[in-house]
Amino acid sequence: MDAVAAEPVVAPVLPLPAQVRDLGMQDYVPVWRAMQRFTDTRDEHTGDELWVVEHAPVFTLGQAGKPEHVLAPGEIPVLQVDRGGQVTYHGPGQLVVYPLLDLRRLRIGVRDYVCKIEQALIDTLGEWNIIAERRDGAPGVYVGGAKIAALGIRVRRGCTFHGLSFNVAMDLEPFHRINPCGYQGLQVTSVLDLGGPSGMDAVKAVLLDQLARQFGLVLQPTSALPDLSLPA
């Protein structure tokens, strides 16, 4: 009888721990530099983390960003950064989450990673009966044609940084000073404008739960903050 090759044994993917760090309100650059350092120095033993933050007002241009999409920034600073995507705005009342995940350990590719983030946002909005959708070729989440969440990611050595921004209860006027995500005339909206809660904590709790469900994570909140100091 011919020998039958044994099927390779694949260990089950168990829920993986991930620390959650709530950074509160922070300027953009110190957080950006900190997640770069975290990603550059991590190895296969480094645990995954989710950083949650609100940023002081800033426009960021991704690697594909074109300066002509910044129409009239006024007093708001404009930064060229190393994420994917075009131009977007960050400001108070917007929930920003930076997943610092090892995709190899999670056994997913970049496309699945993006889809899971979008689905977590869609399911979060569903908690308040807000029907949202994704668009082919235009990462992010939309409600009735208006963008409510933007994605801008970077993957280095299989590990993610940068992430998502979710308009909860914010002044949307600065979006009129740019072509959001490079699309002229793209409308934006917020959770509050669509009848959802104004409280950041309520939205934050639901979104973190949905991200944990999508990625198979056990969240471990910690009060310790990353080193946000800037090199001299």
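Glycine too: its Cβ is placed from the backbone N, Cα and C atoms.
Residues or ranges marked as domain 'BPL/LPL catalytic' in Swiss-Prot: 44-219.
Taking the Cβ of A150 (substrate binding site) as reference, residues of its chain lying under 8 Å away and at least six apart in sequence are, in sequence order, G85, T88, P139, G140, L164, S165, P180, C181. Look at A150 (substrate binding site): DSSP puts it in a strand. According to Swiss-Prot, the feature substrate binding site maps to R83, G84, G85, Q86, V87, T88, Y89, H90, A150, L151, G152, G163, L164, S165, an assignment based on sequence analysis.
Look at Swiss-Prot and you will find K147 tagged as site 'Lowers pKa of active site Cys'. Sequence-distant contacts of K147 (site 'Lowers pKa of active site Cys'), defined as residues of its own chain at least six apart whose C-beta falls under 8 angstroms from its C-beta, comprise G140, V141, P180, C181, L186, Q187, V188, T189.
As annotated by Swiss-Prot, active site, acyl-thioester intermediate applies to C181. Within 10 Å of the C-beta of C181 (active site, acyl-thioester intermediate) we count 23 further C-beta atoms, all protein chains included.
One residue stands out among the binding-site residues V87, L164 for having the most other Cβ atoms within 10 Å of its Cβ: V87. The binding-site residues in question are G85, G152, and the one with the fewest Cβ neighbours inside 10 Å is G85. V87 (substrate binding site) carries a strand DSSP state (E or B).
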